[in-house]
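Taken straight from Swiss-Prot:
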BINDING   R48, R54  NADP(+) binding site
BINDING   R125, S126, S127, N238, A239, G278, K293, P294, T295, S296, S297, R319  FMN binding site
Amino acid sequence: MAGSSIGECFRVSTFGESHGPAIGCIVDGCPPGMTLSAADIQTELDRRRPGRSRHTTQRQEADQVEILSGVFEGLTTGTPIGLLIRNTDQRSQDYSKIKDLFRPGHADYTYLQKYGLRDYRGGGRSSARETAMRVAAGAIARKFLRERLGVNIQAWMAQMGPIHAEDFDAAEISHNDFFCPDAGAAIRMADFLDGLRKEGDSIGARVDARVSGMPVGLGEPVFDRLEADIAKAMMSINAVKAIAVGDGFAVVEQRGSYHGDAMAATGFQSNHAGGVLGGISSGQDLTLSVAIKPTSSIRIPRQSIDVHGRPAEVITTGRHDPCVGIRAVPIVEAMLALVIMDHWMRHRAQNADVQAPLPPIPA
């Protein structure tokens with residue numbers, strides 16, 4: 001299977017399936033000399049971990065990460081970092097009744113058509129279980145970006161179905177089960193999901209993100225524009241169906257006199273572009289939104305076919321998230337960290353000695 005790696009200079013390759021013995025990744029290109037421990041990575045994994053609240057899948061995985069290589073006496077060595085998480089709470093029998101059925105909205109049909117076979121246990125490689133390793137790798141990139149460059153990455157639940165976060169309190173994001181900056185909205189989300197779970201249905205979500213402390217100059221035009229690589233990274237996350245950078249789709253109704261971010265010696269006057277101009281970071285905050293579809297695994301009967309093309313009714317049992325947007329928040333942060341880290345290293349490799357005639361203006 002091709003397509004299991006991301007990045008050029010800071011490259012991450014993941015492996016493993018939902019119900020296999022383990023999942024893992026190789027992080028290649030991490031600079032040497034950075035302090036790193038399993039605890040540094042575990043902090044991020046615990047935010048994504050299944051079973052952390054009643055509103056997510058009740059699969060109980062500890063997600064304890066093991067560092068296999070690339071770290072010696074607490075410091076990164078510059079060699080490939082091997083990470084492993086052992087799967088401990090698989091229930092493959094939950095899928096035995098649907099092993100010959102195509103679940104609507106899932107990758108069952110396309111995997112079978114592409115590979116001629118498929119791992120029906122929890123979706124195999126197509127499962128969001130794989131994203132745990134992205135979060136693990138992203139924790140390494142995020143630590144470097146924060147400590148070396150002062151880059152801060154923050155994502156949050158901005159909308160769940162009809163419920164919007166109307167207030168923004170950054171401190172509140174870590175104080176509720178939804179990573180929501182609006183305490184009142186988080187309460188409404190909890191009530192909404194309780195009812196939805198009883199119905200056996202699911203709901204979509206929108207995750208917003210902001211990266212502050214961005215260096216100027218990251219991005220490789222024309223095909224590796226910063227927002228292009230971010231879009232690819234976001235669209236690689238299970239269930240993501242759309243991404244908007246800056247003002248996103250609102251630009252359709254904007255005029256150029258409004259949208260163009262005016263500049264002065266004192267700094268930018270607005271940030272409709274979302275921190276990227278011509279595919280290169282401007283030094284302003286990088287802002288984006290990601291739309292996430294409803295979970296396809298629901299207990300409501302749906303029409304489908306089996307592997308022989310015969311009509312069938314599908315009811316998905318097992319343990320599933322009624323809203324995958326909740327656990328997508330740390331995944332979005334991780335993917336942002338991986339892309340920004342990779343582009344910083346690429347920029348440094350070519351342009352480390354560049355002296356622009358004008359110092360960066362304030363963001």
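The backbone N, Cα and C atoms fix where each Cβ goes, glycine too.
Keep in mind the model is a prediction, meaning the values are calculated, not measured.
Sequence features, as recorded in Swiss-Prot, placed on the structure.
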residue: R48; record: NADP(+) binding site; Cβ within 10 Å: 24
residue: R125; record: FMN binding site; Cβ within 10 Å: 20
residue: S127; record: FMN binding site; Cβ within 10 Å: 19
residue: A239; record: FMN binding site; Cβ within 10 Å: 21
residue: K293; record: FMN binding site; Cβ within 10 Å: 17
residue: T295; record: FMN binding site; Cβ within 10 Å: 22
residue: S297; record: FMN binding site; Cβ within 10 Å: 24
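Put simply, R48 (NADP(+) binding site) is 18 Å from R125 (FMN binding site) when counted between their Cα atoms.
Distance between Cα atoms for T295 (FMN binding site) and R48 (NADP(+) binding site): 16 Å, as a whole number. A Cα-Cα distance of 14 Å separates S127 (FMN binding site) from R48 (NADP(+) binding site). For the recorded site, R125 (FMN binding site), the DSSP three-state label reads helix.
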